[in-house]
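Peer 1: Here it is, the structure, as structure tokens.
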């Protein structure tokens with residue numbers, strides 16, 4: 001039997017990671033919400049509304065589930081009582097639903113705008129977006145409610161590794177711990193059905209839909225590259241290729257953060273339940289999956305910082321800008337920081353160009369793209385996330 005690292009090693013690694021996730025998530029999501037609500041570069045913007053919705057859901061997890069997850073490393077039993085057992089997993093599952101279903105909605109919106117622009121409604125688009133957001137929240141709450149209602153704290157056999165001081169060897173010790181389970185713990189079949197259902201509803205089915213949407217989007221964007229008229233064809237082709245990668249970024253990050261957690265849950269319920277897996281590999285994968293599923297609540301603002309110089313400038317302003325009598329919060333802002341947004345500059349998510357005649361691409365590629373002479377295909381109204389060109 002391989003030796004597992006001592007508990008203090010795990011704590012010294014995981015607690016700073018959880019602290020960093022909370023810090024980045026709280027700062028990033030708060031700045032994202034403030035940016036969208038205060039700058040208001042365009043009214044009635046579907047992408048911005050969805051981004052704010054996801055940010056609120058992420059903040060909900062960051063202020064409740066991440067701290068409780070960090071505290072749980074100190075104890076072998078559930079420490080938050082029956083109410084916490086019902087509330088905390090409910091909030092995490094609700095936020096997970098908001099994230100993945102919003103990504104599906106964004107994918108469908110991009111598909112309509114780029115592949116089927118003539119189907120875009122001319123009126124009531126903003127109201128339709130808010131209705132979609134409401135349905136996503138209500139649907140996520142409804143899907144998480146059964147787990148909340150059925151969840152309970154129950155005593156379960158728990159096997160851990162302990163050091164035998166007399167022989168200086170590691171031995172397996174079985175004890176009873178209070179564990180929060182999301183449904184009546186009445187057999188392997190129920191556990192497997194629950195794990196499969198969660199993986200299908202929150203991972204497999206949504207990502208399948210998103211993949212189909214973005215296959216059509218990528219084909220349309222790449223196919224339109226050769227139909228761009230004018231002298232700026234090479235530049236626009238390059239921008240569209242970058243755009244095809246940008247629209248997949250949030251989806252790829254979500255899949256990366258969620259896959260280990262779903263894989264671990266399926267492994268745990270389909271393996272031999274009579275023999276607990278005490279290997280260091282299993283323990284390390286569990287810690288990795290916990291860190292990544294919580295990191296999912298902080299990666300969206302980081303991704304937007306990577307593709308959006310406008311949001312980068314706003315975030316740096318939020319952290320650094322102070323009255324003249326006070327020094328900046330971050331010393332790095334004293335040199336090389338972007339100048340505050342001035343009149344005549346664009347303040348859209350991801351746009352760092354002045355409002356001039358220069359080319360500006362958005363998620364829906366508002367530039368007219370045509371095939372042949374005099375025939376143009378307009379890719380719908382502008383979206384909230386622009387890519388740097």
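Each Cβ is built from the backbone N, Cα and C atoms, and glycine gets one as well.
Feature table excerpt (TrEMBL):
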type	residues	note
TRANSMEM	6-28	transmembrane segment
DOMAIN	28-304	domain 'G-protein coupled receptors family 1 profile'
TRANSMEM	49-75	transmembrane segment
TRANSMEM	87-108	transmembrane segment
TRANSMEM	129-146	transmembrane segment
TRANSMEM	201-222	transmembrane segment
TRANSMEM	243-264	transmembrane segment
TRANSMEM	284-307	transmembrane segment
Peer 1: Check the transmembrane segment (284-307) against each of 6-28, 49-75, 87-108, 201-222 and return whichever range has the most CB pairs under 8 Å.
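Peer 2: It is 6-28 that shares the most Cβ pairs under 8 Å with the transmembrane segment (284-307).
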Peer 1: Excluding the flanking five residues on each side, which residues at least 6 beyond the ends of the transmembrane segment (6-28) place their CB within less than 8 Å of a CB in that stretch?
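Peer 2: For the transmembrane segment (6-28), the nonlocal Cβ contacts are 58-59, 62-63, 66-67, 69-70, 73-74, 287, 290-291, 294-295, 297-298, 300-302, 305, 315, 318-319.
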